[in-house]
Amino acid sequence: MSDLQRPALCCCRKAPVEGGPSPCPERCQRVDVASASNFHSFRLRHFHLDLRLDFAAKEMSGRQVLELVPLQAGVQTLVLDAHPSLLVHSIDCTVPGAAGSPDRCLSLTYRLDPFTDYGSSLIISLPAAVVRPRRTLQITVRYTTTDGPAIWWLDAGLTSGQTSPLVFTQGHSVCNRSFFPCFDTPAVKSTYSATVHVPEGVTVLMSSSHSAYSEQDRAFQFSMEFPVPAYLVALVAGDLQPADIGPRSRVWAEPCILTSAVSKLGGSVERWLAVAEGLFGPYVWGRYDIVFLPPSFPVVAMENPCLTFIISSILESHEFLLIDVIHEIAHGWFGNAVTNATWEEMWLSEGLATYAQRRITTEAYGMHRCLRVLNNDKHISLSIFLGVNPSSLMNLFTYEKGFCFVSYLSHLCGDIQSFDSFLRSYIQQFQFCSVVAEDLLNLFLGFFPQLKEREGLDFDRWLNECGPPLYEPDLSAGAILTEPVQCLCELWGEEVPEPQAIASFDLSSWSTFQTVLFLDRLLDRSPLPQEVMTHLSCCYSALLDGMNAEVQIRWLQIVVRNRFYPDLPRVRSFLHKHTSRMYTVPLYEDLCAGVMKCFAAEVFSQTQARMHPNLRRTLQQILFQSSTPPSETPLPLLPVTSPAPTPTPTDMPSTGCISLRNVNVSA
Ligand SMILES: [Zn+2]
């Protein structure tokens, strides 16, 4: 049976038996607290977007058509996730006519109610006469998007080429409700299609399996033949050029960076896809294309199906590009084909994708990037949210503790190849579905029945308790790289560091991974004694200044956290050069947490004109959260919204407990 014909999933994400009881009645009350929608009451068969992009007004307007099948009799309302920035003009419903008579179109009444700081609920009344279980309704919403968190309009000056404007969307986790009204929960998947009208010279790309362009209408047509959750619907439009880099892969970028992008990726992507297919089964999405976005893209990369979005700043470092692209490729299986049903269990996507990414690199290169030490994160367990926007869960912990849990499962089953075959079977079983941890664990115990008898399996502790991982994966494959780092860290940890021994380590010959790991450890140990800081600066500051931004930002965070004033000019010039979210937010947070807030405000006032408005707002919040703006730094008074955060460890709440699940989203 093809997945497109699978029966609708009940609210516990399992297929109900026709006419029988729900497969999991005790969990059927479980809701996605990050969604206001009544997605349990309908099956979403498909939706279509017909939008016109207006770069001058920074608006998209048009209509969305949803094909919905009510699952119960007597459903009187349809509740969709929306956002205060969506201007809804009208909503109507097409009711299939009786045999021989034309379909009728009814105008529906609706209202937009507040829900959380990241969305609203669009409540649509359905006349009793139109709702019949299992009969498809067509709901058409006419609307205009304004300044919402999902849509980033960039003036030409904010793009790499600085000649044409660009717009992109970023739906993860709960932002797409400001792009189109939807069931904005990863529990619901559907196919979609789109028609996008644009001015001449603009190329539009979407996360779809097919696309076409009609010169005459200046319209791009897209269709995604596989079901995806709302957060994976993505669009980018601007001056974008393609170049083929493999039989099923193409790079898209602004013309000025296309050559560099192709030279960095040429030949590699197909190799990684082939290795991943060998491990986890066929890549189901057809194409694997990559689009490079300007530095204001709020995250490093986003696994939009068929079309990974990646920040162009990454082109500075070959190694990081490699890891990030492999991670997004891994999402083709883990996260996109099989998705976490709620944001409470985001580790099901990120932990598994991180595990898969490391399996691919181990197969392709014989090693994987080292794990950052987690011992300091004592408060965190695999799945708990503390009343926060789910977007802020994108932190190191979701990835690394999830990875440790998956590695623990792999360790339990004895050998890594058997675990690979379990993962193939997991993908086969749940392809195009959304799952909860129990689905994975039940399948796991079914696959390795001998483990059912085993005492001391700690699944509950892993999922629900706080604290460092209960099992640390074997990292010996990377020891050849980590050992020198470990030795140098120990030398710097001694009471009187030995200059000659330290000088015998040549950082300029190290890989970015090694230098980053070394600096991460120093960052974890900060604050350091002032004389150690002076000595560190003397040994490394000039050298690190010539390295890539991933290395530089870590050194500068060490400088700031240790209040090491002699290197402050380097912080200033870095912040003048880099105006992307991933490099500014962590530094501003460190500056503002310490005594350097005035310095931060001064640099901000000098550079803010070159920042994307969303980033400007985030930095204003960081700068002025607990104080009023200093009067000598005039700032535009922008409304405060909650843009998507950068995935950094500093996103973690500093107090309280977080576990792998039960992320407590505030509703
Ligand atoms: Zn990921």
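Cβ atoms are placed via backbone N, Cα and C, with glycine included.
What TrEMBL records for this protein:
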- E328: active site, proton acceptor (ACT_SITE)
- Y399: active site, proton donor (ACT_SITE)
- H327, H331, E350: Zn(2+) binding site (BINDING)
- 631-650: compositional bias 'Pro residues' (COMPBIAS)
- 480-623: domain 'Peptidase M1 leukotriene A4 hydrolase/aminopeptidase C-terminal' (DOMAIN)
- 628-656: region 'Disordered' (REGION)
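Taking the features listed in TrEMBL, we show where each one sits on the structure.
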| residue | record | DSSP (3 states) |
| --- | --- | --- |
| H327 | Zn(2+) binding site | helix |
| E350 | Zn(2+) binding site | helix |
| Y399 | active site, proton donor | helix |
- [ ] Counting Cβ neighbours within 10 Å across all chains shown, tell me which of the recorded positions E328, E350 comes out on top.
- [x] E350
- [ ] Would you kindly give the Cα-Cα distance separating Y399 (active site, proton donor) and E350 (Zn(2+) binding site), rounded to the nearest Å?
- [x] 5
- [ ] Give the number of CB atoms, excluding that of H327 (Zn(2+) binding site) itself, located within 10 Å of its CB.
- [x] 24
- [ ] Enumerate the residues of the same chain, H327, H331, E350 excluded, that satisfy the criterion Cβ within 8 A of the mean position of the Cβ atoms of the recorded Zn(2+) site; list them in sequence order.
- [x] E303, E328, A330, F334, G335, S349, A353, T354, A356, Q357, Y399
Task: Rounded Cα separation (Å) that holds between E328 (active site, proton acceptor) and Y399 (active site, proton donor) - done: 13
Open item on the list: Out of the recorded positions I have (E328, E350, Y399), which ones have their Cβ sitting under 6 Å from ligand 1?
Closed with: E350
Task: Under 8 Å by Cβ from H331 (Zn(2+) binding site), same chain, sequence gap 6 or more - done: E303, S349, A353
Task: Neighbouring C-beta atoms (10 Å sphere around the C-beta of the residue listed as 'active site, proton donor') - done: 23
Open item on the list: Can you tell me the CA-to-CA distance separating the residue listed as 'active site, proton donor' and H327 (Zn(2+) binding site), as a whole number of Å?
Closed with: 11
Task: DSSP-derived helix, strand and coil totals, residue by residue, for the domain 'Peptidase M1 leukotriene A4 hydrolase/aminopeptidase C-terminal' (480-623) - done: 116 helix, 0 strand, 28 coil
Task: For the domain 'Peptidase M1 leukotriene A4 hydrolase/aminopeptidase C-terminal' (480-623), the mean pLDDT of the predicted model - done: 91
